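Colleague: Submitted below is the structure of interest, expressed as structure tokens.
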């Protein structure tokens, strides 16, 4: 870590946690190059990663801080010439309408492949163990192994801000798949499920259907 004025903050403070997670996500292949984004809400402060920065090199002082109304509270040093994440309008939707505590935008290859292999506007899978790690916000509970996970797929746009209406429209789940881009997820369980479901599709299996081998 650099000699930052924020070095004495606890490790779980957003100024330290966001750079640490972005480095982890970079090594997982979720935020390669300058792609992807992340934000964490702490009390009345919303911490937002900058745009156009290599995620594995991000520092605590690089973050933007604003309130729920969009008023800037703290900015990165001017010499860094940083811009706030283009995902900011989408982050704010989650905070204002879903009472989210954090939002992550990944460019997972598994999520991208899922948008290409699933026709229509939804990704679906069932009877996969990690479904139990996905929280159903509508029912306020975790899904069961034998239930169906449904994730909307929305069309990509040239600019992130133009996705706001599609992100907001008509779904109570925690994630969205952005066609040919990635996901705004409960990340690890979702990424695992996309990976397994894509492999099942490519092997000629149907992730949306359960086949009881004992009755075959």
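Backbone N, Cα and C atoms are what each Cβ position is placed from, and that goes for glycine too.
Here the structure is a predicted model, which means the values were calculated and not measured.
According to Swiss-Prot:
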- 87: substrate binding site (BINDING)
- 105, 107: Zn(2+) binding site (BINDING)
- 129: active site, proton donor/acceptor (ACT_SITE)
Colleague: Including all protein chains displayed, how many Cβ atoms other than that of residue 105 (Zn(2+) binding site) lie within 10 Å of its Cβ?
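Modeller: I get 25 for this one.
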Colleague: So if I measure Cβ to Cβ from residue 129 (active site, proton donor/acceptor) and keep only same-chain residues at least 6 apart in sequence, which ones fall under 8 Å?
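Modeller: Residue 129 (active site, proton donor/acceptor) has long-range Cβ partners 145.
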Colleague: If you count other CB atoms within 10 A of each CB, which of 87, 107 wins among these binding-site residues?
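Modeller: Result for the most crowded candidate: 87.
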Colleague: Do you know offhand how many angstrom separate residue 105 (Zn(2+) binding site) and residue 87 (substrate binding site) by C-alpha?
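Modeller: Rounded to the nearest whole number, the Cα-Cα distance is 8 Å.
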Colleague: Three states by DSSP: which one describes residue 129 (active site, proton donor/acceptor)?
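Modeller: Helix, per DSSP.
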Colleague: Quick one: pull the CA-CA distance for the residue listed as 'substrate binding site' versus residue 107 (Zn(2+) binding site), whole Å only.
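Modeller: It is 13 Å, counting Cα to Cα.
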